[in-house]
Amino acid sequence: MSDPNNPNIQSRNMPQWALYQRELFWKDNMGEVPPFSTEPGDLEDLAKRTRQVLYLLECRTILYTPCKPTSLLPPPNNPSHARRRQQTRHKVSAPIGFSPIGINKIYHPLGKLPVAKAAKEKNLPYCLSTAGSTAVEDVRKANGAGPRFFQLYMPHDDELMISLLHRAHDSVFTAYILMLDTWQSAWRHHNEAESNYAFYHGISADLGLSDPVFQKRMKAAGIDPKTQPNEAGAMWIDNVWHGRAWSWDKTSWLTEQWKRISGGKPFCLKGIQSVADAQMSIEPGVDGIVVSNHAGRQVDGTVASLGALEKIVAAVGDKTYIMFDSGVRGAADVFKALALGAKFVLVGRLWIWGLSIEGELSISRDSIESLPNSAAMIAEKSKLKENVALLHTIAKLPLPPPASQIAMPTLIVGLPTSIVLINSLSRAKKDLAAAKLCQLPLAHMADRVPKAAELPIINHSKFVPYSLEKLADLDSNVRDRACDQIYPSQIDTTGLTHLNFAFLFIDPVSFRVVPVDPGDTSLYSQFTALKSTVMQTWISVGGSALSDLGPTQFTWSDMASTAANRAAFITSLCTFLEQYGFQGVDLDWETPTVSSRGGRPADLNNLVLLLKDMRTEFGTRYGISIALPPDYYDLSGFDAKALQPYLDFFNFMAYDIHGPWETPYLGAFVRPQASIVDIGTDTSPLWFDGVDPSKVNLGIPYYGRGYTLTNLTCTDVGCPYSGPNYAGQCSGSPGVLSLKEIDEIIEQRKLVPKKIPNAFQKQITFDNQWIGYDDKDTIHEKVRWGDEHCLGGTVVWSIDLAAGNGKPAPSAPLTIPVIPSPSVTPPEGPLKASIDGSCGQSATCLGSLFGDCCSKYGYCGHTSDYCSLDSGCQSYFGLCGDTPLVSPVAPVASPVSTSNPITALKPSVDGSCGKDATCLGSTFGPCCSSYGWCGSTSEYCLPSNGCQAGFGACTGSLATTASPSSSSSPTTISPVLSLTAPLKFLKLRQIRKFVHSFILLATG
C-alpha cells in the first residue's frame, strides 16, 4: 500500500504515476492508440525481430530471472487494529455463486440483467460489482428474492459511499462485500495498448450514473451524461478506482455504516491472501472473508489463491465464514476449493464466457448445470465422503436436478451489435503484438486521399487506402443517373490488382447467368479491356436485389440445393467468364438461411458445396471471393471456416450497419452507419470461427447515410429523426449522399465537419439534415485498425460515388448492339413478365426486374433508350414515355384491403405500409405493394402486381388514404393505365441498400 508519510512523495495531491493509464485509455477518444503493448512478453517478442536484441540475450546465461519462482504478497490495507468474526449463512441450491464481474455490457447488451435472472432461476447467489453495467434497482427486479451480494469498490467520497450503501439495502441486497485490493485498477498492458477501456467510451457506468449523489457531482462538474457519456463514464470510474489505498480504520467505519443502514446484515472482506490479513479480519462486524487474488490481475506473480486457502482455513476457519473466488475454470477447481476448507465458491470465468457467446442459455447450461453435479461426481470418485456431504448439506438445499428435468430458457443471444469489446475479440489472431507485426503499408493513406470533388475522373490510386488487398465497388447503374455518370474507360486503375463488375444475375428457372441489364453486355468488353499484368477484372454475381420479394427471391437457395442445379450455374458461369475475359467471380449471396430473403436452413451447408464445386471446376483458372454481411443474424448463415479453403478472400461489407429501416426496432434516433465499434463487434464471429484475418477485406463506404432531424437543437448521434435525409441530385436515393455530393455541400455551405466520437466517422449538419460519412481522415483510422488486425485489405462501395464529372452523360455514351427491329404486331394473349430481359411476343417488360419499357431492339429497360417513343419504344410490350401505354397483360384487379384504414394515416418512415402507414408522402415511394412495402417501380405501383390503392398511389390513379369519413373501398383499377405525369421507374437493384457490388481489389 502507498504510505502517506513517504518523504519521496512530493505532494499528497500528486496522483500516482501509474494513473498515466487514464491518459492512455482516453487516447482512443482522440483518435489515437499507443504504438505497442508494454506487456513484457510482447515487448520481448517484438525485440527478437530485430538483430540488436541478440546482444542483450548473449549477456543472459539463463533464460528466466531469479525472481520468477518468487510470489509477491500485497497487503490489502494499511494496518491499524484487529478484527472479530460472524458467520454468514444462506440457503441456496449449491455451494457456488456468481462472481462479480464488471462491465458486462461489453459482453451482452443487457449488462447484468441476464446474469441476475439466471441466478434467480437456479436459486444461487448473485454478486453485483460497483463496476457493474446495470443500476442496482434494475438488478433487484431481475434477481427477484435473491440472495444477492453487493461488492463495493470504496470511493473516497463518503456521501457517495453512503448513497451506495442505502441503494443496496433498499434493493434488498442480503450482504455487503468490500473489495480490498482494487483502489486502483492494475496496469493492463493490452488494454492500454489499444486504449480499450469501456468506461471511457461511455459504456457500463450505469450503476454510477443512476446514483443521486453522483448525479449532483456531475452537475457540479458541468458534465451532462446524455451528451457527454465518455466524460461521465470516466468521472465515475475515476471516483471508484481513485489510486489511493485505504486503512483498516476506514474499513471499520464502513462496516459500522452498513450495519447501521441494513440493520445488521452480513459484511465481508474480499482480497484476503495471507494468514496475517485473515487474522486482522476477525473484527466486530465482519462476518466472513473471501480468499481471492482478483484472478491475478492486480499484481504480477502474486500468490495463488488456492495455495493460500489451506493455510488461511487452518488459521481462522473456526472463527469466520470463508469463501473462495479466483481462477475457477471448472468443477475440479470448485471441488479443490471446497476440499481445502472453503464453504462457498464464486465462479466467474465460465459464465462470462458463456454470456459472450450464447447469451442467457449458456449462463444456465454451462455455468450452473454442470458445476455442482460434476463437483459431486469428482468428490464421490475421490472417495472423500466428508466432501460429498459438504456439497449436499452446507447450502441447506439439494443440488439442482439433471438438465433434462429443467425447463431451459430458449433465447440464444449471440454477438449483438451493441457489444463494445474494442479491438480484442480475435481467437484466430495470436495477440495484438503479433497483429502489429503485419506492417501493412497503410500509413500513406492520409497523404493520398484528396477531396472527391478534386478528381476530374476516378483516380482510384489516389483514393483507396494502401493494404495488401484493395477493393472498391462501381455501381453499373451509374450510367442511369441524372449526373455524375462514370464509365469503365474513365477509371484510372493505377495501383490496383483486381476490378470487379457488378452485377450479373441468375435465371431463376435455368440457373444460367444473365445480364442485369441488356446494356451491360456492351460494358463487359470495356471493362475487361482494363486488365493488365498487375490487375485482374472480375464479375460479381447476385446482389441484394436478387433476393428481394419477387420471381428471383429463392434463386440462390434453389440453385445451391442440388448438384445438378449447381452444375448448370457453374457451367454457364464458366462460359460467361471465358466469353468476356473475366478472371474471377465474386458471389454476392448476402442472406443465405434468412427466410424473409429467400433462404432456407439447408443453405448453410449448400453454400459450402457450391464453393467446393466451383473450385473443383475452376481450378486455378479463376479466382473466387464472397461477400459477407455485417449483421450477426445474417452472418450466421455462413460457415466461414468451411468456405475459407475454396476462396481467395472474403469481402466484409462494413457499411449499412444502421439506417432508417431500424426505426421500428431501435427507434428513430440517429446512428452512424459504419462505426468502428460496430465493425469490431460484427467481425468478431469470424475470429471466433477461426477465419484467417488476412483473407478478410474491410468494407469502406464512399457514401454517407443521413436523416431528417425533428429537433434543430439536437443534431448529434442519438438525436431523433423523422425519416431519411433528402435524396441527392445525382445519387437520387433518400437516405444516401455520395462523397462527391457531400464534398460539394461542405464547399457550398462552408461547413466544418465534426468527428463522431469513437466511430471513425464524421458528420455534417445543415438545415434539418444530418449526414454521417467517411473521409480521408476516418478512412485512415479504419485502415490503421485493419492493419493492426492483420486484415487483408479494403473493399469500397462504390468508386463512382467518390468522383464524377458533375454533368449529364453524353447522349450516346454506349454503343448498343444493332438488332433488326421485329415486326411489331399486337400479342395474341396475356404475356408474362420477362425474366431474361428480352421482350416481345413471348414476354412483357411490365413487372420485369430489367425495367418496364421494351426497346425497339426487344430488350427491357427504363432509360430513354428503352422508354422514349422517339427511340422506338414498343408500347405493346411495356410502358413508353409518359403516355398511357401498356402491354396486354391479363387484367388483374388491384387487391383491396379487407378493411379501409380507420383513421387518416401518416406517411411511412420505415418503408412499410398498410393499416399503420401510407406511402403517400413517404420518401420510399408513393405506391404500396401487395407485400406492404412502399416503392415507385412497377412492382409497387401496378394494379396487376397487387398495388394497394388504399394505402398509396397506384399507376393510373392517385388513391388517397382513406379518411375517417370514407366508407367506400378503393375502386378496381383498369389495366389500361392513364398517367397524369411522368413517372421514374427505378429497378429494384437501384433501391438496394448499397451493399457489395462492383469491386476493386489490390494485393499490394
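Glycine too: its Cβ is placed from the backbone N, Cα and C atoms.
Unlike curated records, TrEMBL annotations are generated automatically.
According to TrEMBL:
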- 81-91: compositional bias 'Basic residues' (COMPBIAS)
- CYS839-CYS854: disulfide bond (DISULFID)
- CYS853-CYS867: disulfide bond (DISULFID)
- CYS913-CYS928: disulfide bond (DISULFID)
- CYS927-CYS941: disulfide bond (DISULFID)
- 90-365: domain 'FMN hydroxy acid dehydrogenase' (DOMAIN)
- 468-842: domain 'GH18' (DOMAIN)
- 836-882: domain 'Chitin-binding type-1' (DOMAIN)
- 910-956: domain 'Chitin-binding type-1' (DOMAIN)
- 70-91: region 'Disordered' (REGION)
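Locations of recorded TrEMBL features on the structure.
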{"residue": "CYS839", "record": "disulfide bond", "contacts (Cβ under 8 Å, 6+ apart)": "CYS845, SER848, CYS854, SER855, GLY858, TYR859, CYS860, GLN874, PHE877, GLY878"}
{"residue": "CYS913", "record": "disulfide bond", "contacts (Cβ under 8 Å, 6+ apart)": "CYS919, SER922, CYS928, SER929, GLY932, TRP933, CYS934, GLN948, PHE951, GLY952"}
{"residue": "CYS927", "record": "disulfide bond", "contacts (Cβ under 8 Å, 6+ apart)": "CYS919, CYS934, GLY935, SER936, TYR940, CYS941, CYS947, GLY952, ALA953, CYS954, THR955"}
Worksheet item: According to DSSP, which of helix, strand or coil covers CYS867 (disulfide bond)?
Response: helix
Worksheet entry | In three-state DSSP terms, the structure that CYS854 (disulfide bond) belongs to | strand
Worksheet item: Looking only at Cβ atoms, how many others are within 10 Å of the one on CYS941 (disulfide bond)?
Response: 26
Worksheet item: What does DSSP give as the helix, strand and coil breakdown of the domain 'Chitin-binding type-1' (910-956)?
Response: 10 helix, 9 strand, 28 coil
Fill in: Lowest local Cβ density among CYS853, CYS854, CYS867, CYS928, which the record lists as disulfide-bonded residues, within 10 Å
CYS867
